[in-house]
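These features come from TrEMBL:
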- 108-251: domain 'ArnT-like N-terminal' (DOMAIN)
- 69-89: transmembrane segment (TRANSMEM)
- 109-127: transmembrane segment (TRANSMEM)
- 139-156: transmembrane segment (TRANSMEM)
- 162-177: transmembrane segment (TRANSMEM)
- 189-212: transmembrane segment (TRANSMEM)
- 232-251: transmembrane segment (TRANSMEM)
- 283-302: transmembrane segment (TRANSMEM)
- 308-327: transmembrane segment (TRANSMEM)
- 334-352: transmembrane segment (TRANSMEM)
- 364-384: transmembrane segment (TRANSMEM)
Amino acid sequence: MKSLNKSLIFILALAFLARIVGISYGLPLWLVDDEPPFTLAALKMLQLKTLIPASQLADFKTVLYYPPYLSYLYLPFFAALVAIKLLLYDGPSALFASFLLTDLSWFYIIARTINVVLATLSVFLVYKITENIFRDRRPALLAAFFVSTSLIHTALSMVSRHWLSFFLFAAITLFWLSREHLSEKKRYLCAAISAGIGVGFAIINILLAALIVLWHTIYDKKTILGALKEKFFYSLFSVFAALAALPYLLYPGSLGFRADTTEETTKTILGALASPIYFAKTIATSEFILIAFTILGLVFTFKNHRRVFWAFAAFIYSYSAIFYLVFRFEPRFFMGLLPFYAILAGYGFYEIQKKLPSGVPQKIFLLVLLIPLVFVLRFDWLAIKNDSRVLARRWAEENLPPGTKIIVLARLTRFSTTEKAISEQEKIDSSSLRKVDRADAELGKPNFHALNLFDAGNQNFYENVESYIQQNNYEYLVIQPTYKNSQYFKNVLEKSELMRTFGSGETAISLAESQFLKSPLVLFQIKEMGPEIEIYKLK
């Protein structure tokens, strides 16, 4: 028993440490998709002194297009940080907002730390669910280990995107459903409350209602008709519906994701039938050990725990089919299924190990677990090294004096700049400027004279960029060679001196985009994550 406790502590510590080491990734740049909305919305609540975004909808629609609960979670911590920064701030009060906006790194670090804590909790929940279902701590430890070493779970835990909530609330809901020592009403009420609250973090958590229904009909072997005859069912439905509707009432802009739906594209019956396979393929390359033991887990649950098999299989299929019909398949969308896969994988590994002769063979078999562990540790190392775009910016700050004239053309990459450069860029393409650029101009610090062109779309400017560089005496170019409009710099590059190169350009393995579409062996072939970035001294 003591050894099992130590193993659980080790797994939880591994989960926490493997994620916390990467929380500074990409900062101070905003490189992670879907991350800024929640941080900016929390700051907007502080600025406007409101907890109800619906009361000032126009202001919030510029920053937030998801439900607001994650921003609520950050709010008290952000308020404390703002208070500390205000106490230490010695500039004009009118510029305090600009002072905050120029570097939100500590706000992101707080948000990411909260995510890491929630991720570690989710690992523990998977352990408890597996123990509840199989009445054995050994497959529970293995399931928790599979989560702690999952690349997609680790990547989404390091940043403050809302996709972790898919996993977390699926686990919380399943945790309550699996606690058979509780009364049936208490189990289902807690599950419904958890799922309803989850909708406030991500609309897709509404699918957890299907999990509750499937668990009731398949695992607990109750009929829908019987439930419809009970008043408790209607109370349960009312609780879930009210909780699920609340985030929309608080913020009608919660459905901003509708532009990404694909229900109008052509779908096929075969595609719907095969949707679980296609969905699993999004992580199969990077999580092949997990997938292999999940398949074995399905085999053994079909043999030994038929209720678990059918309940899990039904939800996996339902979830996959809905994503096929309404959305699409991407690695981060898989997070809602990952708890089920990890539980099955833990059980599958346990059953295979149990069939081996006791002693040395069983211990040798445990070495298989080193494979995902090695991959996640390598991923951690690359996260610690940081993104190529951050490294390029850091190199410039360490080697070039303030006032150096720099053109920057790389996705989501900006250097601190000056008021004069902002005025110049406004003439090129005013829509390419961000609030953080204008905040730099307002503060008037001795920054680079930098044109941050990643969103600039003035084709006339690009077609004449060579003469523009010469006429305006630009000294350095920081460029992502594969980025849009980079072809216009071909002649410029041929005449310039390459100073430094960062990144591998391997887009299939990306922490910023939370995807691992190639073998994790690629992690050992790249020196830094992020696109290839080249720094040239212009001549």
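Cβ coordinates are placed from backbone N, Cα and C, and glycine is handled just like the others.
Counting Cβ pairs under 8 Å to the transmembrane segment (334-352), the top-ranked stretch among 109-127, 139-156, 308-327, 364-384 is 139-156. Contact between the transmembrane segment (109-127) and the transmembrane segment (283-302) is not supported, since fewer than 3 Cβ pairs fall under 8 Å when only residues 6 or more apart in sequence are counted.
Comparing 189-212, 232-251, 283-302, 364-384 for CB pairs under 8 angstroms to the transmembrane segment (139-156), the maximum falls on 364-384. A contact links the transmembrane segment (283-302) to the transmembrane segment (364-384), because at least 3 Cβ pairs that are 6 or more residues apart lie under 8 A. Ranked by number of Cβ pairs under 8 Å to the transmembrane segment (308-327), the listed stretches 69-89, 162-177, 189-212, 232-251 are led by 189-212. Looking only at the domain 'ArnT-like N-terminal' (108-251), the predicted model's pLDDT averages out at 94. Residues of the domain 'ArnT-like N-terminal' (108-251) grouped by DSSP class, helix first, strand second and coil last, total 119 helix, 0 strand, 25 coil.
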